[in-house]
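Notes follow once the structure below has been shown.
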Amino acid sequence: MELNTLKSTFINNFGKEPNSLFFSPGRINLIGEHIDYNGGFVFPCPITLGTFAAATLRDDRICRAYSLNFESLGVIEFSLDDLSYKKEDNWTNYLKGVLKVLIEKGYKIDKGIDLVINGNLPNGAGLSSSASLEMLIVKILDTFFSLNISKVDAALIGKEVENTYIGVNSGIMDQFAISLGEKDKAILLDCNSLYYEYVPLNLGDNSIIIMNTNKRRELADSKYNERRKECDDSLDTLKKYTNISSLCELTSLEFETYKDKIEDSNKLRRCVHAISENERVKDAVKALKENNLELFGQLMNQSHISLRDDYEVTGKELDTLAENAWKQPGVLGARMTGAGFGGCAIAIVNNNHVDEFIKNVGQAYKDAIGYEASFYVASIGNGPTEL
């Protein structure tokens, strides 16, 4: 259905059939939150919700782009000769950003494209719609221009676009999880070294439920950059006493020795979260490999509590979802996922209890918050693909 809409929209806007169709997933992070920029381990996986594209290579230097998610903007047109950021160009700044970074890196891109996209990720829900779009664009350009970009390089290019062009100080996790995604596997990623390992997601007779607060979160102007600065400031202080390049190089035991050097109580709590969360990721992956799903779920719960109390990035909406999820029968664990401040939480729920879970948590959320949450049963899909 989505592909038919995509094709007909392409024909309506550009007067011809598209050459190619593509898909790029969104992602959830099972555990390891707000530590990708602190040199920690994360454990994300791609989901089957994501961003679809229809695209055709042009024979001039013009790009024309249309999004079914932002129909009121119409077709946005620009030239490869002017890839400067313009606020009014909205989502196409991601397209311009990827083009600019690739061209600056010496990749030969000398023709424009016609592009229609349609995403079924809830916008602003913290499921990485922007990284999904970046990896989609890299995949399209890689395919059209035979650029031979590795999956790891694709992720690094997306991160560079985010940091230097869009102006969001994000880590590597989202792009990496999407670019290197494989069906039914999560990725244990060391964000310091980019060492990674695929771990089969054997959840037995349980499913991952995505719970969307339907409270939009805007990464760029949320407290995300503030948290990053608190961590960077703490790292600068700790570097005077110990030879580390990121917070997550310390164990909780080692941090005990140095924690009195962090005088600001807020910054101290940020460090406690980062260092303990990194240890939780390692413990959680070990538990999953040993088929100890109960422990995996408990670690998810502990992660949410740390994000709530020490990192302070959850808020009433996410806490309402997680805390009500914990009370339900058949629930192994639940936590916020993504950057927080709204967005989504996830829960691992026994298949026999899914309907009851959605009903009960949904009602509790509506009673407490005043509007409805949305629920999705997550499937773990592949990375960016040409369809």
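Any Cβ shown, glycine's included, is placed from N, Cα and C.
Look at Swiss-Prot and you will find ASP174 tagged as active site, proton acceptor. Residue density at ASP174 (active site, proton acceptor): 31 other Cβ atoms are found within 10 A of its Cβ, drawing on all protein chains shown.
Taken from Swiss-Prot, the feature substrate binding site covers GLU33, HIS34, ILE35, ASP36, TYR224, and the record attributes it to sequence analysis. In the three-state DSSP scheme, TYR224 (substrate binding site) is classed as helix.
Within the same chain, residues at least six positions away from SER128 (ATP binding site) with a Cβ under 8 Å of its Cβ are GLY26, ARG27, LEU121, ASP174, ALA177, ILE178, GLY338. According to Swiss-Prot, the ATP binding site annotation covers SER67, GLY124, ALA125, GLY126, LEU127, SER128, SER129, SER130.
Positions annotated as Mg(2+) binding site by Swiss-Prot, on the basis of sequence analysis: SER130, GLU162.
For ARG27, the entry in Swiss-Prot reads site 'Transition state stabilizer', with the evidence type sequence analysis. The secondary structure of ARG27 (site 'Transition state stabilizer'), as reduced to three states from DSSP, is extended strand. Taking all protein chains in view, 31 other C-beta atoms sit within 10 angstroms of the C-beta of ARG27 (site 'Transition state stabilizer').
In this structure, the binding-site residues GLU33, GLU162 were compared by how many other Cβ atoms lie within 10 Å of their Cβ, and the smallest count belongs to GLU162.
In the three-state DSSP classification, ASP36 (substrate binding site) falls within a helix.
In this entry, GLU33, HIS34, ILE35, ASP36, TYR224 make up the residues listed for substrate, with the farthest two CA atoms of the set 13 Å from each other. According to DSSP, GLU162 (Mg(2+) binding site) sits within a helical segment. Within the set SER67, GLY124, ALA125, GLY126, LEU127, SER128, SER129, SER130 that the record links to ATP, no two Cα atoms are more than 19 Å apart, and one pair reaches that distance.
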